Every structure is written in C-alpha cells, then in structure tokens.
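A.B. asks: I have a structure I would like to understand better, so I am pasting it below and will then ask my questions one at a time.
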Amino acid sequence: MLLMQENCNQVDGILESWIWKMAAALKSQPNQMNVIIADWLTLAHQHYPIAVQNTRTTGREIAQLLEWLEESVQFSRSNVHLIGYSLGAHVSGFAGSFINGTKKIGRITGLDPAGPLFEGMSPTDRLSPDDANFVDAIHTFTKQHMGLSVGIKQPVAHFDFYPNGGTFQPGCHILHVYNHIAQYGITGITQTVKCAHERSVHLFIDSLLHKDKQSTAYWCNDINTFNKGLCLSCRNNRCNTLGYNIREERPPKSRRLFLKTRAHMPFKVYHYQFKIHIINEIHGKPINPAFTMSLAGTKEDAKNLHIPLVEGIIGNQTYSFLITLDTDIGDVIMIKLKWEGTPVWENIWDTFQTIIPWTKGTHRPGLIVKAIRVKAGETQQKNTFCPQSIDNIHLHPSQVKTFVKCEDRFQNRK
C-alpha cells in the first residue's frame with residue numbers, strides 16, 4: 001500500500017518534525033507500505049493567496065506521479081492513501097480530481113484542511129468527497145474571527161470529525177493569535193495557533209501508535225446537542241473510529257462526527273450519557289444547585305465529577321448531559337450524587353422552606369432524584385440506577401445519595 005504525505009510548512013520553511021513521526025508510525029504498521037513525502041515548501045512558503053494557488057499546481061504534479069507509477073510498475077491507484085495537513089489537504093483533493101481516468105484513488109485524509117479562500121467554495125475548488133473512493137477529515141481549529149478560521153469549518157469529506165467541537169483544543173491557548181496573523185500574515189502563526197491546528201496531525205498519529213486506545217466519534221448535528229449526551233449511538237453506523245483505522249464507507253451525504261479528547265496522547269476518553277430524573281418539590285422559580293458525582297466501576301472508580309447542568313431545575317423533569325473519563329473504569333455499578341451545598345446555601349434553603357408552607361406529610365421538601373440512567377458510548381451499554389434507600393429519597397444541600405442498579409423500581413411504586 002502506498003501512502004503519499006503532503007505537508008504545508010507554516011512557519012520557518014523547513015519540514016516539520018511531526019512528518020518524521022508520522023512516517024515512522026505508518027511504517028510500523030503490520031501491513032507493508034511505501035511512504036512518500038511530497039516536499040512542496042518552495043511553493044507553500046509564499047504569501048498565503050499565492051500558496052493557495054500553488055495547491056493546484058502541486059496537486060497536478062502528484063496526480064502525474066501516480067499516473068506514472070501506474071504505467072511503469074502497474075501500481076493501482078486504489079491502493080493510494082493521500083494524507084494532507086492544512087493546505088496539503090486541498091493539495092490531496094486536487095491530486096485526486098486531476099488524475100486522469102474514471103477510477104479514483106483509494107483514500108484521502110485531510111488534517112484540519114485550511115479555511116481561508118477555501119471555506120464556502122465549490123467542491124471542485126477544495127477537498128471534497130468526490131476526490132477519492134473514501135475521504136475523511138479531522139477539524140481542530142475552526143474558531144472564527146471576522147468570518148475566517150484557520151481550519152475549514154464546513155464538511156469536506158464522507159466523515160468529518162470535530163474533536164471537542166472542532167473550534168479549539170484542550171491544552172491550547174488562543175490569546176493574541178489573530179493579532180499575530182494580522183501583523184505578520186501566514187508566517188505569523190505561532191506555536192499557539194499550531195497547537196490547535198496541528199492537533200489534527202497528532203490525533204492521526206495517535207491512532208497509529210495506540211491500537212488499544214482508538215477514539216470513537218458520534219454522528220451529531222452540533223456540539224451543543226453532543227454535550228447533552230444525546231448522540232452516543234452506534235446504531236446504523238452512527239459512530240466511527242477517528243484516524244487511520246476508520247471504518248471506510250460512503251454515506252450519501254457528509255456526516256459530522258463529534259468526540260471529546262484529552263490534551264495529550266493518548267487522546268482517547270470514554271463518553272457517557274447521564275439522564276437524571278429530578279423532582280423539585282419547591283414550586284416557583286428554578287433553582288440552580290451544583291452537583292458532583294462519584295462512580296464505582298468494575299475496574300476502578302471516578303470521584304468528584306462535576307455535573308454540567310446548564311438549566312435551572314423546575315418541576316418534574318429529566319436532564320441529560322455528557323460526562324467523559326480519561327480512564328476505563330469498566331461497568332458502572334454504583335453512583336454517589338452530592339448536592340454541593342455550602343452553609344450559606346443551607347440557611348437560604350431552610351429559610352425558603354420556612355416561609356413556603358407545604359401539606360404533603362411531614363418531610364422536609366427538597367429534590368427527589370428518582371432515577372439515573374447511564375449509557376456508555378464506547379460499549380453502548382445502558383443501565384438504570386435507583387436510590388439505594390427508597391424510604392429516604394429526598395436530597396438536600398451538602399447531602400450525598402447512593403444509587404445502585406435497578407429495574408426502575410419507581411415505575412411500580414406510587
């Protein structure tokens with residue numbers, strides 16, 4: 001299998017160190033392959049609009065090289081995998097579109113394809129799903145400023161991956177980034193920008209180096225819906241593996257896939273959807289308590305996880321949110337939920353209950369957490385957890401309640 005790698009150096013006119021890391025990672029794979037690096041630094045290290053024009057020239061030359069290989073050594077273009085970073089992603093696309101004949105090259109991977117002068121362009125003027133039998137792209141720096149982003153935001157592949165939403169990446173800092181670009185042009189991209197832009201490269205290398213920690217991403221409309229944990233489904237091929245070991249298929253339309261990652265290798269995290277059914281017995285305006293959660297797993301535990309509720313608790317509702325863990329804790333077997341109340345919170349709560357009369361029994365009104373439903377994205381396993389003590393179900397500030405696996409006992413309890 002032949003893999004072509006096109007690089008666009010962004011800063012200092014020399015080949016980036018990650019190129020050799022990727023080449024070594026590719027050569028370490030069980031299936032034998034030839035790795036060719038296309039050095040187009042002279043054409044890439046120009047004023048940005050000129051470098052954009054040169055992507056077509058470079059793409060055409062790579063297409064001619066592939067045609068020559070077919071004629072001279074009967075090498076099949078279906079075995080070609082082009083991997084391009086930034087402008088190099090569009091070079092790969094042009095190579096795929098310029099090659100003569102009806103057959104397409106095998107695969108193109110775009111690593112944070114460049115955005116300026118490509119965003120919103122027609123498929124023939126940028127990387128697109130038409131350029132190879134299979135195209136995947138990883139978007140890591142699509143944060144916009146004045147309508148522009150370093151990486152392209154729109155889908156350009158059969159599967160477009162948006163780690164952490166694609167706008168920016170954990171462990172990177174965006175302070176003064178766009179001021180540098182405005183002052184120095186494309187050569188003013190500092191290590192700050194490279195951190196997020198180049199993260200796409202390291203995510204791909206990670207997929208080659210850590211076979212046991214492949215990152216799963218999930219088809220979703222947007223990052224806000226994903227952050228509610230509503231997209232962790234693998235039914236009907238709704239999830240896929242980020243990087244080299246992706247499942248290659250051609251959906252009728254581009255699919256946006258989302259995932260969370262760590263700030264460093266290995267980048268994999270474990271995704272969980274939590275749905276908490278809460279009743280607020282104090283009628284009136286919503287309350288906004290802070291909760292933490294501790295999980296007991298079959299392999300290890302996870303403690304003091306912040307629950308990202310983005311809306312106030314009112315009435316009788318179910319709230320859904322996403323939690324990610326850096327380690328595999330195995331199957332969740334027990335949950336401890338704590339209302340992180342302070343002494344001030346408790347005094348306010350007690351005063352509030354004193355001035356609001358109630359008639360239902362003699363208990364202290366509070367929050368009732370009826371059930372917690374958990375779905376693990378990586379295993380697709382679902383479980384329901386109910387209060388360990390069904391005779392004391394009220395939760396108040398500073399209290400901790402324990403939940404164990406159940407069969408939704410509250411459904412049968414009046």
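Yeah, the Cβs are placed from backbone N, Cα and C, and that goes for glycine too.
From TrEMBL, for reference:
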ACT_SITE  Ser86  active site, nucleophile
ACT_SITE  Asp112  active site, charge relay system
ACT_SITE  His197  active site, charge relay system
BINDING   Arg126, Asp131  Ca(2+) binding site
DOMAIN    270-405  domain 'PLAT'
A.B. asks: How big is the Cα-to-Cα gap, in Å, between Arg126 (Ca(2+) binding site) and Ser86 (active site, nucleophile)?
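C.D. replies: So the Cα of Ser86 (active site, nucleophile) lies 12 Å away from that of Arg126 (Ca(2+) binding site).
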A.B. asks: To the nearest whole angstrom, state the Cα distance for the pair Ser86 (active site, nucleophile) and His197 (active site, charge relay system).
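C.D. replies: Distance (Cα to Cα, whole Å): 8 Å.
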A.B. asks: Please report the distance from the Cα of Asp112 (active site, charge relay system) to the Cα of His197 (active site, charge relay system), rounded to the nearest angstrom.
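C.D. replies: Asp112 (active site, charge relay system) and His197 (active site, charge relay system) have their Cα atoms 6 Å apart.
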A.B. asks: So for Asp131 (Ca(2+) binding site), how many other CB atoms are inside 10 Å of its CB?
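C.D. replies: Step by step: centre on the Cβ of Asp131 (Ca(2+) binding site), count other Cβ atoms within 10 Å, giving 27.
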A.B. asks: By a simple count, how many Cβ atoms lie within 10 Å of the Cβ of Asp112 (active site, charge relay system), its own Cβ left out?
C.D. replies: 29
